[in-house]
Amino acid sequence: GIENLPCELQRNFQLMRELDQRTEDKKAEIDSLAAEYIESVKNMLPEERVEHLKKIQSAYSKCKEYSDDKVQLAMQTYEMVDKHIRRLDADLARFEADLKDKLEGSDFENAGSQSLKKGRSQKDKRGSRGRGRRTSEEDTPKKKKVKGGSEFADTILSVHPSDVLDMPVDPNEPTYCLCHQVSYGEMIGCDNPDCPIEWFHFACVDLTTKPKGKWFCPRCVQERKKKK
């Protein structure tokens, strides 16, 4: 869920603001020390000059430390938002795939019922000439619909997720999996904390449902075998 995202963003932005203020205060201190040094450098002893320059250098180091902390915090904030975006993209792709399945299923049932009615009417006409209007149980619409439904289910299962997904791809969006593509559809994470890829598409690792227990990608499985 993304319920906690606004609070986390507000906290990170507040920390960035505090780091900015500390940096500005340190910069003002550096300016003051530099002005003092320039004004009285002629009257300073060599030891005093070295001591004063060390103060300025220490202030610069502290200012750089604050800046590095701010950059690191900004990167963490970006990763946090990007993680939620990937999850939303995956949910959206799954929703669009389900919606397409339902629409195709509805069209299939409508077309099947129309052809079934047409075939049934022709068979009734032939039967009325010979042995009357009696029909066998195999000609009932109920059984024909079940058979057609199973064929349609097999067809849907054979569709690759990348064929279903039709979304514009952000060139800056990170890629995953063995196929080096962006996130879409059902994905699974490798339980190896050191896995260089981390996330994989179901179809690329021959999965249709999420397995029980821990799951390791093919690359990590090979590495674990080599270590043994």
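Backbone N, Cα and C define each Cβ position, glycine as well.
According to TrEMBL:
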REGION    106-151  region 'Disordered'
DOMAIN    174-223  domain 'PHD-type'
SITE      Y176  site 'Histone H3K4me3 binding'
BINDING   C177, C179, H201, C204  Zn(2+) 1 binding site
SITE      M187  site 'Histone H3K4me3 binding'
BINDING   C190, C195, C217, C220  Zn(2+) 2 binding site
SITE      D191  site 'Histone H3K4me3 binding'
SITE      W199  site 'Histone H3K4me3 binding'
Cβ-based neighbourhood (8 Å from the centroid) of the Zn(2+) 1 site, residues C177, C179, H201, C204 excluded: Y176, L178, Q181, F200, A203, V205
W199 (site 'Histone H3K4me3 binding') versus binding-site residues C177, C179, C217 - nearest by Cα: C177
Cα-nearest neighbour of H201 (Zn(2+) 1 binding site) within the listed recorded positions, D191, C195, C217: C217
C177 (Zn(2+) 1 binding site) and C190 (Zn(2+) 2 binding site), distance between Cα atoms, whole Å: 10
Check: same-chain CB within 8 A of Zn(2+) 2 site center, minus C190, C195, C217, C220: D191, N192, I197, E198, F200, F216, P218, R219, V221
Sparsest-packed among the binding-site residues, when each Cβ's other Cβ atoms within 10 Å are tallied, from C190, C195: C195
Integer average pLDDT (0 to 100) for the domain 'PHD-type' (174-223): 87
Cα distance (Å, whole number) from D191 (site 'Histone H3K4me3 binding') to C179 (Zn(2+) 1 binding site): 19
